[in-house]
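Asks: Before I ask anything, here is the structure I am working with.
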Amino acid sequence: MDEMATTQISKDELDELKEAFAKVDLNSNGFICDYELHELFKEANMPLPGYKVREIIQKLMVDGDRNKDGKISFNEFVYIFQEVKSSDIAKTFRKAINRKEGICALGGTSELSSEGTQHSYSEEEKYAFVNWINKALENDPDCRHVIPMNPNTDDLFKAVGDGIVLCKMINLSVPDTIDERAINKKKLTPFIIQENLNLALNSASAIGCHVVNIGAEDLRAGKPHLVLGLLWQIIKIGLFADIELSRNEALAALLRDGETLEELMKLSPEELLLRWANFHLENSGWQKINNFSADIKDSKAYFHLLNQIAPKGQKEGEPRIDINMSGFNETDDLKRAESMLQQADKLGCRQFVTPADVVSGNPKLNLAFVANLFNKYPALTKPENQDIDWTLLEGETREERTFRNWMNSLGVNPHVNHLYADLQDALVILQLYERIKVPVDWSKVNKPPYPKLGANMKKLENCNYAVELGKNPAKFSLVGIGGQDLNDGNPTLTLAVVWQLMRRYTLNVLEDLGEGQKANDDIIVNWVNRTLSEAGKSTSIQSFKDKTISSSLAVVDLIDAIQPGCINYDLVKSGNLTEDDKHNNAKYAVSMARRIGARVYALPEDLVEVKPKMVMTVFACLMGRGMKRV
């Protein structure tokens, strides 16, 4: 495309377009493809029939994709906004982007800013998140310097600037992610703040937050849309942690006639929440809802839900809480919503939404409101049904969780909730190939929504293509692995593919830093030992299976060699170590690695148990950080 199109745009407009582009480009590969457009319209929650959305996307791809490579580059995106500005299609596209979380109003045109959708969206999120964080951290002595924040000012954007609140919120969502001993709480110089923000961002990444576009400087500057985007991911991970069958067997009460436990386990947390709300609504004789936006605007479903889940005082030591339904017949929507929220308050669940958020059907905040209700009062009984195979509910292994978090942190779409079920159409695997510089021909890929008939065939074709790419050009070892195995969700064989993707991703980072020199296990081990001895450390490693790694001393020493003086050796145990000592060392080592800027996905247990694959990623990430020393 010629440069002409971008010349008449002001720098501010160009920055806004870049920001908008990043919001649509979910996997951050620099291009927008049609499934990302589908996702955009789905998230924007616009009152458009499905065929209309498909029509708009088709038109955008035809008009925007000028070099016909099946995707829209940034220049083509700019062209859409300039040349197609006045068309209805472009207006709808703009509206969808403005409704997606964020803060800039595209193009700065009066029609857009007068709608004010964007600004008011994030104001509401800010208000909701501030109240949630205030409550969560009200008794934490380390946060007294910023808590409570005023939800009506910009307190939040200043409060996250030193990294402490972010670290605390990450630990509330996934306990023990960050070793408290690694958080700098005193004498907060700019350098020390930078370390806290590294720790927060790399830990957020390790629990599955997509932080590719966020840097420590963005958080220090309190950039609102980035702060809110990151906080929402952290809060959501915490809210959704228990909406999962292996952690909450009573969810099996939501099984429908003829449905297997396996089918129920494939649902996302959002789908399970909707199923849960409808289970209680059916029991109350009220109609079902299809979403947490348009269908809850009148608060009537919420009244019935609260009435169903409120404790009836029948169990030992359970206080009875009566829900007053008189507000149900209030004629004014806002007053009805306020009356409903007063009842939610009796349950200690007046969180995330204001009456206006309910009436406007804000999907994100209403989802959070319902998730919080579920966590406090699920009101489900585990079925004593004989024909349920409870052995299926083993829950994911640590390794599976690490792989899943790694994928999600790279921004794959759809979000991976269940490692095997969510990879059965290979879309996520194909996106990961792009991340490891294996080109994917997206015109060969079948994308959802799949047809009712033959859906599995379409998914299998994708899986076959994924295996084909793995053999060549990726040169993976895939002996005995076929597309059918991915499509079946075969755990061992799917893991074999996923591990090779993660390994290649890790090595690519090193090769980029080492001017393209090939990296492998021996090179990493040699670098580790050389760096340790040059820093005068007595530790060394033979290989990634070396049993001495279980003390984490080699990792701790390597961190101190990369950034001299950063380790507080008073906190590190050596000599004859108990299991607790080993675990404490490993926890400190992983957090300190993240604090000095290494994006470590492995868990402390991986070091203690010397899991060679994960140990390799730890040393490779540290080598990457070590090579960045200027």
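Backbone N, Cα and C define each Cβ position, glycine as well.
The Ca(2+) 1 binding site annotation in Swiss-Prot covers D25, N27, N29, E36. Here Swiss-Prot flags 12-47 as domain 'EF-hand 1'. Look at Swiss-Prot and you will find 52-87 tagged as domain 'EF-hand 2'. Taken from Swiss-Prot, the feature domain 'Calponin-homology (CH) 2' covers 267-378. Look at Swiss-Prot and you will find 518-627 tagged as domain 'Calponin-homology (CH) 4'. Annotation comment: Swiss-Prot describes S268, S293, S326, S339 as phosphoserine. Annotation source Swiss-Prot lists phosphothreonine at T391. Under the heading region 'Actin-binding 1', Swiss-Prot lists 109-382. Among the features that Swiss-Prot reports, region 'Actin-binding 2' is placed at 383-627.
Map the listed features onto the structure and describe their local environment.
Replies: Residue density at N29 (Ca(2+) 1 binding site): 16 other Cβ atoms are found within 10 A of its Cβ, drawing on all protein chains shown.
Taken as a whole, the domain 'EF-hand 1' (12-47) shows an average pLDDT of 74 in this prediction.
With a 10 A radius on its CB, S268 (phosphoserine) counts 18 other CB atoms from all the protein chains.
For S293 (phosphoserine), the count of additional Cβ atoms within 10 Å of its Cβ stands at 18 [all protein chains shown].
Secondary structure from DSSP puts S326 (phosphoserine) in a helix.
When Cβ atoms from all protein chains are considered, those within 10 Å of S339 (phosphoserine) total 20, not counting its own.
For T391 (phosphothreonine), the number of other Cβ atoms no farther than 10 Å from its own Cβ, over all displayed protein chains, is 7.
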Asks: Once the DSSP letters are reduced so that anything not helix or strand counts as coil, what is D25 (Ca(2+) 1 binding site)?
Replies: coil
Asks: Per DSSP, what is the helix/strand/coil residue tally across the domain 'EF-hand 1' (12-47)?
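Replies: The domain 'EF-hand 1' (12-47) comes out at 24 helix, 1 strand, 11 coil.
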Asks: Could you tell me the C-alpha distance between D25 (Ca(2+) 1 binding site) and S268 (phosphoserine) in angstrom, no decimals?
Replies: 22
Asks: How big is the Cα-to-Cα gap, in Å, between E36 (Ca(2+) 1 binding site) and S268 (phosphoserine)?
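Replies: One finds 19 Å between the Cα atoms of these residues.
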Asks: What other residues of this chain sit with their CB within 8 A of the center of the CB atoms of D25, N27, N29, E36, the recorded Ca(2+) 1 site?
Replies: V24, L26, S28, G30, F31, I32, C33, G411, N413, Q431
Asks: Can you tell me which of the recorded positions N29, S326, S339, T391 is spatially closest to S268 (phosphoserine)? Compare CA atoms only.
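Replies: Checking each of N29, S326, S339, T391 against S268 (phosphoserine), the shortest Cα distance is to T391.
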Asks: Which one of these recorded positions, N27, S326, has the sparsest Cβ neighbourhood, judged by other Cβ atoms within 10 angstroms?
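Replies: Each of the recorded positions N27, S326 was scored by Cβ atoms within 10 Å; lowest is S326.
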Asks: Select the closest residue to N27 (Ca(2+) 1 binding site) from the following modified residues, measuring between CA atoms: S326, S339, T391.
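Replies: Sorting the modified residues by distance from N27 (Ca(2+) 1 binding site), the top entry is T391.
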Asks: Determine how many residues of the domain 'EF-hand 2' (52-87) DSSP places in helix, in strand and in coil.
Replies: 23 helix, 1 strand, 12 coil
